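Swiss-Prot lists 120-140, 170-190, 219-239, 246-266, 273-293, 306-326, 360-380, 393-413, 458-478, 480-500 with the feature transmembrane segment, giving sequence analysis as the kind of evidence.
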Amino acid sequence: MLITVRDPSPTLRCSSLNRRLIPTKHNLSPRLLRSSFRQHNLSLRLRSSSSSNLYTSCDLANFDPLGINPDLSSSSTWRNLLTIFQTSSQKDKPRGVAAAIEDSSIDFGDFFNGPLPGKFLKLLGFLALSRLGVYIPLGGVNRDAFLGNLDQNSLLTTLDSFSGGGIGRLGICSLGIVPFINAQIVFQLLAQVYPKLQDLQKKEGEAGRKKLLQYTRYASVGFAIVQAIGQVLFLRPYANDFTTEWALTSVILLTLGSVFTTYIGEQITELKLGNGTSLLIFTNIISYLPASFGRTFSQAFSDANYVGLVTIIVSFFLLVLGIVYVQEAERKIPINYASRFTSKSGGIEKSAYLPFKVNSSGVMPIIFSTSSLALPGTLARFTGLSSLKTAAVALNPGGSFYLPFNILLIAFFNYYYTFLQLDPDDVSEQLKRQGASIPLVRPGKSTATFIKTVLSRISVLGSTFLAILAAGPAVVEQTAHLTAFRGFAGTSILILVGCATDTARKVRAEIISQKYKNIELYDFDKY
């Protein structure tokens, strides 16, 4: 914008702009005045947006210092009122790339603009392949007799829900992803004992993580062989003709089925739509859900227990709401940065927060506790000792010692796994490197001690939540006199909710990332 002053009158000199543009003395030469105006005109061209506001306030036609003209005073009053009630987002609205970054809204059409439809088709194909192996049964087994024993074993019923009914159908993929999960758990524990494994995970970057993943694959094959042998020995009373050839063939088929399922899980992970292991378990639990609720409804209608049925349904929805609330709950610790640029304000941000999940360990403590309580039964099956059989009966779901031992083990594993995922010393060192600090806490050891105290208190809340989640369904069953949660306990619901929320975040992040790729850096008129 170009401002041209033709007559430097005394009236014009009283405005703030022209005090800077025009010298107060009139005895200057016309040549010097023209030079001064030329320089100011050049600077005003470069600042057109700010000069337009200055010109509006310094216009001769609007100059009314005594308020004689009522039209002008009223218009300026309305203009001032509009400015006061204007929101900060409208005042400081970012432009250009900053506006594109802040525009994180997602429309339904954004889903079809990128590669997400193709990824979802691949995901459905992989999940269908994983379910196909469940329906291919092992030969030579009396399935009806086996199912009668399966309904009486609560632990096997729970594992059957994780495999999507694969154990009950005696499918070749009945082991599922469980051997790979066991291998991951073992390597996570070994990483705390052997520093070399910890260096592979943290210091060697992507190459180290790939090498650790390769070790986990090898270990998962070993776990699959051991579990396949255990399953074949468990099926021995139900086999039509238990021979060495049948046992060897069954072990090979079960091992290959587990390896195939693990491969599918890794392919799903590469799609970046969620964790492949979690999505496989999610699919298996969803497939088991109709049968579980079908048995509940048939039992309720046959016994005319309608009050119990309503209690079960209400408890289920309350359980889902409670899980969603706790899964999204965070303990936010404020932190101050020395300096950090943000696109939201277009400047330097000096404060943020450090989020800690209330249930940061997820479902892993419950899985650890369930595996520990199942250990006496597994050993009793191999050894045949009467003492182990007695302990297994007491520690099975419904046993006298099941509930107290389950709560104690959940609390222990939750505390351990919380600090396994978040090392206070490591977090303190990272904050120090980034120039961040917690208010009223010194950097270094004091910060690590503060974070350890916060995590300890959070682990108490998380342990209480997981204990209620593990014991709640059993209490509801005893109150309603229905076995609705048999094989579909709070653990399964926690996995369902956690996997669904994680996949929703991944899909949203993928859509936003696709929008960022389409930003035209020099299309400022669009924003």
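Using the three backbone atoms N, Cα and C, a Cβ is placed for every residue, glycine included.
Keep in mind the model is a prediction, meaning the values are calculated, not measured.
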Whether the transmembrane segment (360-380) meets the transmembrane segment (393-413): three or more C-beta pairs under 8 angstroms: yes
Quick one: do the transmembrane segment (246-266) and the transmembrane segment (170-190) have at least 3 Cβ pairs under 8 Å, skipping pairs fewer than 6 apart in sequence? yes
Return yes if the transmembrane segment (393-413) and the transmembrane segment (458-478) have at least 3 CB pairs under 8 Å (sequence gap of 6 or more), otherwise no. yes
Within-chain partners of the transmembrane segment (219-239) [C-beta distance under 8 Å, separation at least 6 from its ends]: 138, 140-143, 145-146, 149, 170, 174-175, 178-180, 182-183, 186-187, 246-247, 250-251, 254-255, 258-259, 262, 378, 381-382
Mind checking which residues reach the transmembrane segment (120-140)? Cβ under 8 Å, same chain, six or more beyond either end. 163-166, 169-174, 235, 239-241, 246, 250, 253-254, 257, 260-261, 264, 267-268, 271, 273, 279-280, 283-284, 287
